[in-house]
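Features of the protein shown, as given by TrEMBL:
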- His59, His61, Lys146, Asp314: Zn(2+) 1 binding site (BINDING)
- Lys146, His185, His241: Zn(2+) 2 binding site (BINDING)
- 50-433: domain 'Amidohydrolase-related' (DOMAIN)
- Lys146: N6-carboxylysine (MOD_RES)
Amino acid sequence: MQATTIIKNSLIVTPTGVVNGDLAIKDGKIAAIGELSEAAAEVIDAQGQLVLPGMVDAHVHINEPGRSDWEDYHTGSQALAAGGTTSMVVMPLNALPARTTAAEFTRHRAIAEGKSYIDFALYGGLVPGNQADIGPMADAGAAGFKAFMATTGSDEPGDFHNVDDYDLYRGMQAIAKTGLRLSLHAENAILTDRLAADEIAHQHTDIQAYIDSRPPMVEVEAVRRALYLAKQTGCKLHFVHLSTGEAVREVHRAQTEGQDVTCETCVHYLTLNTDDFKQIGPLAKCSPVLRTPAVQADLWQEVQADHVNTVTSDHSPAPAEMKANPNNNIFEVWGGISGAQNNLDVFYDVAVKSGRLNLQQFVQLIAAGPAQLFGLKDKGQLRVGADADIAFLDPNQSYTLRPEDLYYKNPISAYVGRQINCRVTRTLLRGKTIFELGKGFDEQPTGQFLHNHHAMGVAK
Ligand SMILES: NC(=O)NC(NC(N)=O)C(=O)[O-]
Ligand SMILES: [Zn+2]
Ligand SMILES: [Zn+2]
């Protein structure tokens, strides 16, 4: 074997433990791990660095086509690459038109190919009235489907609409036939909208009013309802951005009763709480809303108990003016946190450095878990035969995040000003360095479209 690249002197985080040694890459794949003596065209000395599987961020909003001034494939994927992410699963909404037909799916895929610096899979959307588009989107290569039980917060022509219980039920019936999973934004739409209207009617438009309009029960209720409907229809479910331990326990209970259901939480629910929201302001507005320290501690317990399948960014970018709050009305501000560039470092800091998770749990949540969930073959694990998608993390560097560090289209983030006690220094995609701290990006984007290998009809 003549390797193309050898990474020397590293701490390699494999699925079964940490290997102190070398990693050889050939033809974009991991060829060997251990004490290696052979030569290679490229030798990377990783002394002092952790060699991790590149993150698989299973929840990213990219706004191209239609809203490229919010985030496009070029900027979004560069930010992710700089943060050590090598694959993303892209949500079907906030581009215009939203991805809710096979024709749009194919068009979006073609736009991303040639622009994305990292590999990508795409969701198809379930919206009112598009049950007939579900099968064709599965055939076009959808990673899964996404629906909103809450209202989405944007309503221009071509925008994505939430489902009511009827649309959800019919959609689940259609999705069950594809073998793919339905991912849900689970919050009760009627409760959230009317609780918000009550706050506004009382001239309560500060951050506390927004927190009060989305209590934990709106999430838990929606999770319970969706679980019941999924049981009736045999549809596989995935709950995105769960923000409460109580909701995770509902999912876990359904799993123990034999339902095929999984769940996600996000870096911000594990890092920021209601006090941080008040301090940071509108940049930290998202839905579900950030939780109290007590609810956050409960969520952490569920993560530590391995009841959560993946931790993502839910990167939901917007232009700076949509995150400003000129009328002092938090309800008017865009709901979404820009955070994808700081998935790996912020989460490593709060999870591993703080002693809450071990390295095996960490890589399971950021890489192996999401790759398995979305059938991303050969992704998410440092093992022989897998794609050489690798993030180098220096656990001994500290830095304070500045706007000029960010590669987003709009360099704003809830994490600006935060001290982060580790740093991603280099990212490899299928063996090729796509980002190096201080040097920048590879000249050409080489991200490829990823199929879900759990889909019916896709060769294993
Ligand atoms: N329209 C959105 O991008 N919404 C997102 N916004 C958040 N999370 O605040 C989401 O995932 O629900
Ligand atoms: Zn959502
Ligand atoms: Zn989202």
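Each residue, glycine too, has its Cβ placed from N, Cα and C.
Taking the features listed in TrEMBL, we show where each one sits on the structure.
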{"residue": "His59", "record": "Zn(2+) 1 binding site", "Cβ contacts under 8 Å, 6 or more apart": "Val89, Met91, Val240, His241, Glu264, Cys266, Thr312, Ser313, Asp314, His315"}
{"residue": "His61", "record": "Zn(2+) 1 binding site", "Cβ contacts under 8 Å, 6 or more apart": "Glu71, Val90, Met91, Leu93, Asn94, Asp314, His315, Ser316, Pro317, Gly336"}
{"residue": "Lys146", "record": "Zn(2+) 1 binding site", "Cβ contacts under 8 Å, 6 or more apart": "Met91, Pro92, Leu93, Tyr123, Gly124, Gly125, Leu126, Leu182, Ser183, Leu184, His185, Val240"}
The domain 'Amidohydrolase-related' (50-433): mean pLDDT?
98
Running a distance check here. Ligand 1 versus the binding-site residues His59, His61, Lys146: which have CB less than 6 Å from one of its atoms?
His61
So if I take the binding-site residues (His59, Lys146, His185) and measure from each Cβ to the nearest atom of ligand 2, which come out below 6 Å?
His185
Cβ-Cβ neighbours of His241 (Zn(2+) 2 binding site) (radius 10 Å):
25
Per-residue Cβ crowding (10 Å cut-off), top of binding-site residues His185, Asp314:
Asp314
